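*Asks:* Feature list, courtesy of TrEMBL:
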- 453-482: compositional bias 'Basic and acidic residues' (COMPBIAS)
- 489-505: compositional bias 'Basic and acidic residues' (COMPBIAS)
- 18-447: domain 'Major facilitator superfamily (MFS) profile' (DOMAIN)
- 453-505: region 'Disordered' (REGION)
- 16-36: transmembrane segment (TRANSMEM)
- 57-78: transmembrane segment (TRANSMEM)
- 90-123: transmembrane segment (TRANSMEM)
- 144-163: transmembrane segment (TRANSMEM)
- 175-194: transmembrane segment (TRANSMEM)
- 265-286: transmembrane segment (TRANSMEM)
- 298-314: transmembrane segment (TRANSMEM)
- 334-353: transmembrane segment (TRANSMEM)
- 359-377: transmembrane segment (TRANSMEM)
- 389-411: transmembrane segment (TRANSMEM)
- 423-445: transmembrane segment (TRANSMEM)
Amino acid sequence: PAPAEAGRAPGPPDGGWGWVVVFGAFVSIGFAYAFPKGLAIFFKEIQDFFGTSYSEIAWVSSIMLATTYGAGPISSILVNRYGSRPVVMFGGLLCGVGMISAAFCTSILQLYICVGFITGFGLALNLQPSVIIIGKYFLKRRPIANGLAMAGSPVMLCTLAPLNQFLFDNFGWRGSFLILGAILLNCCVAGALFRPIGAGTALVKTHVAEEGKDALKGKITEDGKEMSSALNVPMENKTEEEGEKDCFEKINQYLDFSLFKHRGFLIYLIGNVLMFLGFFAPIVFLAPYAKHTGIDEYSAAFLLSILAIVDMVARPTTGIVANSKWVRPRIQYFFSFAIAFNGACHLLCPLASSYTGLIVYSSFFGLAFGMVCAMLFETLMDLVGAARFTSAVGLVTIAECCTILLGPPIGGILIDTFGDYKYMFIKCGAVMVLAGTFLFVMNYYNYRTLAKEEKERKTKEEDPKSVKTENEGRKSWNKDSTQDGPELEPLREEGEGVKKEMNGT
C-alpha cells in the first residue's frame, strides 16, 4: 500500500471478491456440516460388518461432530496466527487423509480414530475460518452472506445422500471411503479462494506499532529505574508482575476469556449447549429409521435429499428475512422461535407412520433446520461484535462439543433399550423446545436489563448534581495531591514528562 494509506485499517468491502469468498465458504461449510450426516447411509452396513449395536455405530458421527466443534479454539488460534487460507487448506488435506485411512480399517475403534478424530479435526479447520472470514468481508450484507454460505450444507447433503448410496452399491463402503477422501480434497481449493483482506496494511501497521511499543517500553523502563533508585524500591517484583501480565495478555489475544463476563454471550452459550443435545441425532437416524420401517435404501436416502432441498431454500431466505429492518433488531427472538419450531417437528415425527408422512416430516424438519443454521453464527456476532467473534466461536464450539458428542449415542441407547425410534425423536424434540423457550425468556430479560442500564446511565449524565459532585471530587483530589510536600515535586515532574512522551508516542 501507499505510505499515506499504511496506517489506515481497511473496512469490509461488502461485495467484490467477497462473493468469491462466500462461494469458498459455501463449499467448505457444506462439507463440514453435511459430511457427518451423509455418512449415515453406510451405518447399517458397517454395523452388520463389524457386528456392533446402534449406540456403538452412532459414536462415529458423534466423535466426528464433537471433534469438529471441540477443536474450535485450536482453529480460532490458528486463524489468528496464520489467517483463514492456510488453515482451511491444511484442514482439507487432513479430511482426505482421514477418509482414505478409514477405507483400510479392520475394527470399529480404528473407524473412531480415522473418521471421528482425524476427519473431524480437518472439518473443524474448515468450519471456523470460513465463518470468520465472511465477517471480515461483509458488514451491511452479512446476514445474506452468512445465509448463502450456510446453504452449502443442504446442497452438499442433497448431493452426498444419493451419491453415497450409489458409491456403496458399486464399490462397497471401503471403496466409497476412498472416493470420498479424494472428494474432500476440494476443501483445499475452497481455502485457496480466501484471499486475506488488507494483509499489507496490517503488516505495516503491526510493524509500526511494535516499534513504537518497544521504544515506549524502553523509555518507561529507564524512567522506572531512575524513579526506583530515587525511592530505593527494587524493580524485581514489578518485572515479575509484568511478565505474568504479558503471559496472560498473550493467551487472551487468541481467546478472549472476558466473554464469560458478557451476559448475552452466556445466555447464548447455555441455550446452544442444551439445543445440541437433540440437534443432530434426528438426521443421523432418519435414514436408518426409514429402513427399519421397511422402506428401500434409495427411498430412505431420498428423505435426506428432501430435507436438504428444503434446507437449501430455507437458509438464504432466512438470511434475507433476518436482514430486514423489522427482524434484524429482534434476531435473537427469531432464533429462539426457530429452535422451538425444530423441536416441535421432532415431537410430531412419531405420528408419521407411512412414507408420505416421513416426506412431510423431512420437509418441515428441513425448513426448521435451515432457519436455525442460517442464524447460528449471525446471532452470536450480533451479541459480541465482529472484533470478539473469533474468540467467541472458539469458546462456544468447545462448550458445545460435549452435548454434540452425547446426543446421537443417547438416541442410540434409547433405540437399543425400547426397540423403537419414537422415544429418540421425543427426547430430541423436548430438549429443543426447552432450549428455544430458555433463549426467548432470557433474551427478553437481557434486553430489558440493558435498556434499564442505558436509561440509568443517561439519567446520571443529564443530572447536574451528579456532574457537580463528580467535578468537586476531582478538584478535591487534585487539591490533596498538590499538598504532598516539596520533596515529591521533582518526582511528580518526571512522571508528567513520561506521561507526555507516552502520549506523543
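The backbone N, Cα and C atoms fix where each Cβ goes, and this holds for glycine too.
Curation does not apply to TrEMBL; its annotations are automatic.
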*Asks:* Which of 144-163, 175-194, 298-314, 334-353, 359-377 has the most Cβ pairs closer than 8 Å to the transmembrane segment (423-445)?
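*Replies:* Per the Cβ count, the answer is 334-353.
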*Asks:* Should anything in the same chain at least six residues away from the transmembrane segment (334-353) have a Cβ under 8 Å from its Cβ atoms, list it; otherwise answer none.
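*Replies:* Same-chain contacts beyond the flanks: 271, 275, 278-279, 282, 293, 318, 321-322, 327, 360-361, 364-365, 368-369, 371-372, 375-376, 379, 421-422, 425-426, 428-437, 439-440, 443.
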*Asks:* Restricting to the same chain and to residues at least six past its boundaries, which positions have a Cβ under 8 Å from a Cβ of the transmembrane segment (265-286)?
*Replies:* 36-37, 40, 43, 58, 61, 65, 69, 259, 300, 303-304, 307, 336, 339, 342-343, 346, 349, 362, 365, 369, 372, 376, 379-380, 383-384, 392, 395-396, 399-400, 402-404, 406-408, 410-412, 415, 421, 424-425, 427-432, 434-436, 438-439, 442-443, 446
*Asks:* Within the domain 'Major facilitator superfamily (MFS) profile' (18-447) only, compute the mean pLDDT.
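*Replies:* Taking every residue in the domain 'Major facilitator superfamily (MFS) profile' (18-447) and averaging pLDDT yields 79.
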